[in-house]
Ligand SMILES: NC(=O)C1=CN([C@@H]2O[C@H](COP(=O)(O)OP(=O)(O)OC[C@H]3O[C@@H](n4cnc5c(N)ncnc54)[C@H](OP(=O)(O)O)[C@@H]3O)[C@@H](O)[C@H]2O)C=CC1
Ligand SMILES: CC(=O)C(=O)O
Ligand SMILES: [Mg+2]
């Protein structure tokens, strides 16, 4: 172990596990437990109702307990990674690790269960007895050949999925990588010579599965610690026997010559560079032992520059690790209450993973790997574990296969809705953005991006084009944009998928200068200054394009200052007729729900009349999300508890709103806690017009709004949509330097819906 991981990584890992509290897991309540009434529902006496319902109908446990989303990760610690039989207690960090991967990647809850038992039948009895607790069993790091028997017996006894991850999870991801590698190298799995190092749980399960995928037994050579598995070898179990060859070859070096595939699932350092040199053209080297691979990728590459190289580790390209599979295969299986995970479900997962590798890379992946991302090829044969699309592709494929093979106890009725629901694990904004996304797709509009050379815009445009959300127009230099698209592995191209405005050479330049002078000539802008601005300032170009009708909406602001961008929009596009100034609202999405805040970016210390105006414009935009606004005018004062100028101002704003918009569900002034909690409001002012939780908080000034916004963002790890500029005569929005690719996609959908819709409330 000492040499298997570098000492600085080892000390980082120990600190990671130790601080700020030991281990990697905790249990959280998903229901409120704040009052006596809550307690009487969660526990006795109320809980008895749930118990009796399940006693009458066991299937009710799916709706009344956490069971259907709960998996047991079970080990006896006999083959922990490649560390061997280190025992169940020492295996616990790995099992806690698997648990957090289940949760992070697929929202599945896990209890890790380390059992001090090596006897097969006693282990099986213990695990089988856990059936009432769990929706599925994930066996982990149990050594071969015992693991085969343990899994077989459990599958016979239990009517929930039992899945030995090291066998089947590994086989699925190895299968996907191998299919893609063969395709990339122009070879066929049927003719591939495959040589393994390892004849344990993972290796034998992979070989069985590769045979199912088309590999031929006569092309397979298995080796382990005792060398080649040959017919009549004394040290052999029945599972190995099916791969035993009639041969005089005895060592890995004797069989590796001409191999198309090396599959290492054994221990570090077994494969020597001189052996790799003997392999066939464009060989696939899968050195998957953890934590130390059978050969370091650098050594393999030096020996054979044409090799495709995979490891089980995250610090090299082509991470072939069962983490790409187990969270999602269980997600699909649990979602249809599958009684088992069968071959059809596994093959569906293989195909989904293999196909996803061919899609253009995702920006989330690039971020996870420090900005780098690769498109399909030698160093990207399979998707990265951080690819957010894994769940969207694998879980539905598995669920569908379960339904088609009759093992789904709760088949999905509306598959499109199911697929949509999976986006909750990926883009937290998925649900609230849905109405806008749908509207955008129906009638995509022309959206111009001032920061057309920015990586985030280019990645967003890939999604926007694929999803048909808008007709993008990018401002930027063609050479730079082409190069960047190439570098990021994006397939969209200027002219075909989006229009390009080259600020240095656009035939409309003179017309744009004229338009700018029409708009800003009386604001002290000279013709010379106008010419320079229209050549150099992409916000000005975008605003003129919208003004002239060459684009329907604009997005800018990914770098630079909000207020300077706003001044250009003010000069060129101007205010909605009747509006006295611009304002900004921001949507924040947290695990507790979505909340609009205003005015987060524009008005410093608005008057009561200005607050009332902003509130009305904000309500109009909230309705675009398909939501009825529930507005609180917030303050430090709760319904007259204080008479400071800001409290009086919010009270005055309410009076104006009562006159101008008598039907609006708005109240104030009130504290933010009162706004967000009906029980608190009932104590303070039971007659309040506002019912339930407010979804819009109107703040007394810019400081309050911006501080609340940025603080919630950090403290609640919230996802922002916006800022949404309100009050502009045509759709124009100023993003911020921290806006992500997804944020740009969201604001594109918003701008398109805005461009389609009725103008503002004035
Ligand atoms: N990347 C991934 O996703 C995964 C990687 N793995 C890795 O694969 C390896 C095996 O795991 P698993 O199958 O669960 O464990 P097992 O204990 O079931 O199998 C280990 C196999 O490797 C053989 N072996 C051990 N040492 C050597 C050696 N020095 N030379 C040749 N063969 C050797 C063993 O032979 P014998 O039995 O004779 O000792 C046995 O056949 C581990 O390193 C594990 O981390 C496993 C699952 C997934
Ligand atoms: C990845 C894994 O499960 C293993 O190495 O055992
Ligand atoms: Mg394992």
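Cβ atoms are placed via backbone N, Cα and C, with glycine included.
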Please state which member of 109, 166, 260 TrEMBL lists alongside 140, 141, 290 for binding divalent metal cation. 166
Could you list, ordered by sequence, which of these binding-site residues: 83, 85, 86, have a Cβ under 6 Å from ligand 2? none
Per DSSP, the domain 'Malic enzyme N-terminal' (22-155) contains 68 helix, 16 strand, 50 coil
Hey, of 81, 82, 84, 86, 140, 166, which of those binding-site residues are within 10 Å of residue 98 (active site, proton acceptor), Cα to Cα? 140
Counting Cβ atoms within 10 Å of each Cβ, the densest environment among the binding-site residues 82, 84, 87 belongs to 82
State the Cα to Cα distance, in Å, between residue 141 (divalent metal cation binding site) and residue 86 (NADP(+) binding site), rounded to an integer. 10
Note on divalent metal cation: the CB centroid of 140, 141, 166, 290 has further same-chain residues inside 8 Å, namely 75, 79, 80, 81, 94, 165, 201, 202, 322
Which same-chain residues, if any, lie at least 6 apart from residue 290 (divalent metal cation binding site) yet have Cβ under 8 Å of it: 81, 82, 312, 313, 321
Which of 80, 81, 83, 86 (the binding-site residues) has the most other Cβ atoms within 10 Å? 80
